[in-house]
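I have a structure here, written as structure tokens, and I will follow up with some questions on it.
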Amino acid sequence: MFQIPVQNLDNIRKVRKRVKGILVDIGLDSCKELMKDLKSFDPGEKYFYNTSWGDVSPWEPSGKKARYRTKPYCCSLCRYSTKVLTSLKNHLHRYHEDEADQELMIPCPNCPFSSQPRVVGKHFRMFHAPARKVQSYTVNILGETKTSRSDVISFTCLKCNFSNTLYYSMKKHVLVAHFNYLINSYFGLRTEETGEQPKASDPVSVDKILPFDKYYCKKCSAIASSQDALMYHILTSDAHRDLENKLRSVISEHIKRTGFLKQMHIAPKPVTHLALPPNSSAPSIAAPPPCFQLALPQNSQSSGTVQSVTVTPGTSGSLTHSPPTTAQSHVALVSSSLPVCQSSLSLQQSAPPPVFLSHSVALNQPVNTAVLPLTQPVGPVNKSVGTSILPVNQAMCSVNQAVRPGLLPLTKPMGPMNRPVGPAVLPMGPSVNSGVLQATSPGVISVGRAVPSGVLPAGQVTPAGVIPGQTATSGVLPTGQVVQSSTLPVGQTAPSRGLPPGQTVPLRVLPAGQVVPSGLLSSNQTVPSGVVPVNQGVNSGVLQLGQPVTPGVLPVGPPVRPGVLQLSPSVSTSILPMSQPVRAGTSQNTTFFTSGSILRQLIPTGKQVNGIPTYTLAPVSVTLPVPSGGGLAAVGPPPQVPVQFLPSGSGTQMGSSLPSLPSPQVLVSPAPSVFVQATPPLADANQALKQAKQWKTCPVCNELFPSNVYQVHMEVAHKQSEAQLCQVCNELFPANVYQVHMEVAHKQSESKSSEKLEPEKLAACAPFLKWMREKTVRCLSCKCLVSQEELMHHLLMHGLGCLFCPCTFHDVRGLVEHSRTKHLGKKRLSMDYSNRGFQLDLDANGNLLFPHLDFITILPREKLGEREVYLAILAGIHSKSLVPVYVKVRPQPEVAPKIPNKQKLTCPFCLSTFMTADAYELHLKERHHVMPTVHTMLRSPAFKCIHCCGVYTGNMTLGAIAVHLLRCRSAPKDSSSDLQVQPGFIESSELLMVNGDVIPESTFPVKRKLPEGHLGPEDQRDGEEPQLTLDADASSGSEKGLGAVPLKRQKSEIRTEGSGPSEDSLQALALDPSKYEGRSYEEKKQFLRDYFHRRPYPSRKEVELLSSLLWVWKIDVASFFGKRRYICMKAIKTHKPSVLLGFDMSELKNVKHRLNFGECESQKL
């Protein structure tokens, strides 16, 4: 760039000096004026000394700039930051308790954003407001529409693989299913009863029974009006963040990225219901979609004509009739995704129609027309109901429930407080939580316990005052009791079911020769011999199959315990008058099965569902009673109904876990009769439902069964061979041998176990382990899977770390002693663990709690001591699993000393037999150059070399011994007879040694034998050392002796086993390696380092010579030189080399002539 030169520099410099002086004078005058102002205002020395430069110069940066924190959750009160919101809350609670309300942060439920509650609320209204969502569609070339892509966030339980999209549901599942022992410490129930008793006519007083503060939290004394409200408080309140840490530790979050969802091309047709004109006395009411649909033949129609009856889920229980249609009748209760009390039920006639009973059926709605005798009572029922069936055109009353009468036309007059129920009400019973048939004990099928009640003959109205002063649940009227027409007093329960014609009474034995009292039957009905009231002394609880029943009414009494309910087919296939009794002997094909005999007929279907086998049981026969009109009972051939039992569950949890946890299906086909056992009351049923979710493996046949089916399977399949597991040696023994085994084998251990000491409970850290799955862990250091048997040996090999200090222990005794002496009384973890969410379960006294045991292992008594040790092991600070793994370590039982018998010892290599152990060991030393030993870490029998004491690992063969002897430095190198191995021994030995155990070679996969001297690609790629065969005169290294060795190794061995290197080849080396042949590895490494300084780029011949003379692998020598060259080149690039010349550089500057340095010998630096 061209610039005009400046002229008149002297003048410019003079003016510049003058201008500078003027500016100095102006500045000085300004400072003097400012000083006068400051003197007029004197705040005092206190403010002067307390003022810093940052106060008067805010525009300049004061102090060092704070480092940016990359973690999402940062504390504004200090420099703390974390990745987990819970850790930030714990930090605020611990260090900033006073300012915690200022720094309280909550996450957005729809996105990762988190901030203060006010900011999050504003953010939610701006970005996630529940406004009208405009569905965006994309149209492809064909004109088809696709919805936009959406991501679904799901949570999974690490304990049982239960998944849900709601975080609250997951926390509730984990608390109820896996941390149920913590519920009692939070849930509180007030037991104070209200003073006045509420009246039935006062609806307001009913609400006073359950006060709004009936439930409360034991931790923070918060009150709740219901269990759900209390559960919501416990799981969402900030006061219980410690509980959230425990629950969050077993919850895994997954983001499922779903692609474009294709729309359905054909819309499903809506289900239409045709309604009849309503009756004059019962106006129809519009209702939401029905939960039950019944189609049954009417009285005046043929069996092929069906009338559809719809029961709406409304509170009024109204029914709408549909016009009759011609169809076949069948009954199906099908599982659906509807809410509770919603399902569908239709009835047609087919052969054989299935009956499906699922967990979502709730039969608490009255249903018109015919009924099913095989039902499961579901839902809360406030009145006692019976197990019989009310006939058609029979009305029924209920006084314990307030309902609106007048919804259905009544065929008979009722009392003033009667509840009208349609003819042939579907039978109901006490609630058992779900309408599922489940097998709860061997040989029986649980249906649900229903308290029976009295029944009425067809066409008779229930009188209100039948049994004065007592309830009608017994079903028996005193002899001579007159039926009165009055209302039933409050507190009595009326029978809810009648007995259809041809149906046997499913409870209790009726002695013959008894007469039914007149208060139960109408005047035109008789009772044949063999039918008696229930109040006669009978203890069996089972109705005999040979006893027929009239179409009239039989009293049924409540069983004392859950009895056996029998379902039998119809007694006849003809038309019987209503007044004609059923004669004895009409049911001839019924047989009496003993308890448990039905499930002995387990027939495998050959199919599997997710690896679980399915079975088929014996058939069951169910009679569908068909009511008749005009005094005649038209009883057709009974349709045989196979019942499929589906797994039962409760609530949303079971509905969500059913798809992920399939259960074996038990199909019951038609049979003459079947026994059904009623389930116990509500508490026992809940326990049975919990047991149905557990799976057990049969120790005999190694099959997987649910816990309830497992009991049946053990009784049916293995009844003859009932085996018991010995808790000491973990072996199965028959029942008759188990007691003898315990007395003989473990007599000393049992006597000592009676004096059991208190177990030690410790917590430790194992950062090298990663918990993979049940009973299996992975060692990150060894990169291998560790089983339950090897777990403790592996832990002690790497060492267990103390949670309170950096100490590491390789024995359990040292860890126990260290915990007693150094950390006695310490209950809280260090900051490294607590900040990352690690927590240990402690009781009220501060002792460790072990809610379950993941591993049970055994250690020798000399390493463990006499006490059992419970270990809670954390998988390191940086582990993703925050739940400790609980391990129980038991001392190895002292087995009674066995009497030494004279057993022959067999050599595993040459199959020679010896009578004494000394002769056996001498043979191994002289013949095979090995001696027996025990593996140091695995504690398993092994062999070691007698020359170098190295322990053989892996597959122990004669070929491996021969190869080792060629490489062994301590073994003699001559060709004497003691080092020669006979080829016949190698060829004839078909045994392999794996960790000292003799295993026949036939158990391993057999390879095709190749011709001698042939080397295939598989042999060349094999990583293991192959067998080596030597001849008697193998000194020359013939081809026969080297036939099993790879070609490259043969060449290298031939070169190394020949005569030593020549003098010419040694001249090619920069240094002589002959004196380092027998030196240690470090000395050889130092020689190679010196050789590298002389020649950093050795030739291939030099590398081979160094490898053969130093007895080092050639690849090791080459890699050593390459590594050193890389280090030097990297150092040259990063560091500037400097040379010290040996004289003063200041004096060198005075030298005016050139410097010439001559060549000199390089010295070793």
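Using the three backbone atoms N, Cα and C, a Cβ is placed for every residue, glycine included.
Not my notes, these are from Swiss-Prot:
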- 1090-1132: DNA-binding region (DNA_BIND)
- 303-318: compositional bias 'Low complexity' (COMPBIAS)
- 1009-1024: compositional bias 'Basic and acidic residues' (COMPBIAS)
- LYS146: SUMO2 cross-link (CROSSLNK)
- LYS1009: SUMO2 cross-link (CROSSLNK)
- LYS1048: SUMO2 cross-link (CROSSLNK)
- 303-327: region 'Disordered' (REGION)
- 1005-1068: region 'Disordered' (REGION)
- 73-96: zinc finger (ZN_FING)
- 106-128: zinc finger (ZN_FING)
- 155-178: zinc finger (ZN_FING)
- 215-240: zinc finger (ZN_FING)
- 696-718: zinc finger (ZN_FING)
- 724-746: zinc finger (ZN_FING)
- 777-798: zinc finger (ZN_FING)
- 800-823: zinc finger (ZN_FING)
- 905-935: zinc finger (ZN_FING)
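How about a rundown of where these features are and what they're close to?
For the zinc finger (73-96), the model's average pLDDT works out to 86.
Proximity of distant same-chain residues to the zinc finger (106-128), defined by a Cβ-Cβ separation under 8 Å and at least 6 residues beyond the stretch ends, is recorded for 72-73, 85.
Residue counts for the zinc finger (800-823) under DSSP, split into helix (H, G, I), strand (E, B) and coil, are 10 helix, 5 strand, 9 coil.
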Sequence-remote contacts (6 or more beyond its ends) of the zinc finger (215-240), Cβ cut-off under 8 Å?
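Counting only partners 6 or more residues beyond its ends, the zinc finger (215-240) has Cβ contacts under 8 Å with 89, 104, 168, 171-172, 175, 185-190, 247.
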What are the helix, strand and coil residue counts for the zinc finger (777-798) according to DSSP?
8 helix, 6 strand, 8 coil
